[in-house]
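Take a look at the structure below.
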Amino acid sequence: MAARSPSVVISDDEPGYDLNLFCIPNHYAEDLEKVFIPHGLIMDRTERLARDVMKEMGGHHIVALCVLKGGYKFFADLLDYIKALNRNSDKSIPMTVDFIRLKSYCNDQSTGDIKVIGGDDLSTLTGKNVLIVEDIIDTGKTMQTLLALVKKHKPKMVKVASLLMKRTPRSVGYKPDFVGFEIPDKFVVGYALDYNEYFRDLNHVCVISETGKAKYKA
């Protein structure tokens, strides 16, 4: 079994960046504490993850499975980098995409009650190298549920790439194969990560403020 790819570890006392140093939509000005991971850093890290993925999975047809909705930005950017590597390689491989939607959050807590929406026919995964792309691993329960579903279809290989992984006492111990950033136990939004469907339109990963939580609470 291949070793997991290393990640960028962000410490518990990471101060982040002042909002005034970046372009933040005015309608979120009072709803955020700080910029936690700037967009440019996300993109550079994603480019390296693409290389790690191709090194480990690039010998066979890859099915990239996007976990909606939060994973769509990371998924699109990661696949752009993978496709660039693929078309410039002497040993390019076919790649197809599929989508599944999971829901496990109410407000800022993972409920543990995981709903699978879509993915009714995942028979196309049989015999393929499957790359599941997720925005964030919190407790890990959601991904364990999805992995059990995917493995029923007997793929050749299953790997998980997540932009973020939280250090949290609620974790069940699951760790993905490819991680962009390991972060403290803070509720983050932006770059398609949401709080009750808000904040997906932020370019950066930011820490939500108590004002923001109260304003957009379900």
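Placement of Cβ uses the backbone N, Cα and C atoms for every residue, glycine included.
Here's what Swiss-Prot has on this protein:
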| type | residues | note |
| --- | --- | --- |
| MOD_RES | Ala2 | N-acetylalanine |
| BINDING | Lys69, 134-142, Lys166, 186-188, Asp194 | GMP binding site |
| MOD_RES | Lys103 | N6-acetyllysine |
| CROSSLNK | Lys115 | SUMO1 cross-link |
| CROSSLNK | Lys115 | SUMO2 cross-link |
| ACT_SITE | Asp138 | active site, proton acceptor |
| MOD_RES | Thr142 | phosphothreonine |
| BINDING | Asp194 | Mg(2+) binding site |
Fewest other C-beta atoms within 10 angstroms, as judged across Thr139, Thr142, which are the recorded positions: Thr139
Local backbone state of Lys141 (GMP binding site), from DSSP in three classes: helix
Distance [Cα-Cα, Å, rounded] between Phe187 (GMP binding site) and Asp138 (active site, proton acceptor): 10
Those binding-site residues of Lys69, Lys166, Asp194 having Cα within 10 angstroms of the residue listed as 'active site, proton acceptor': Lys166
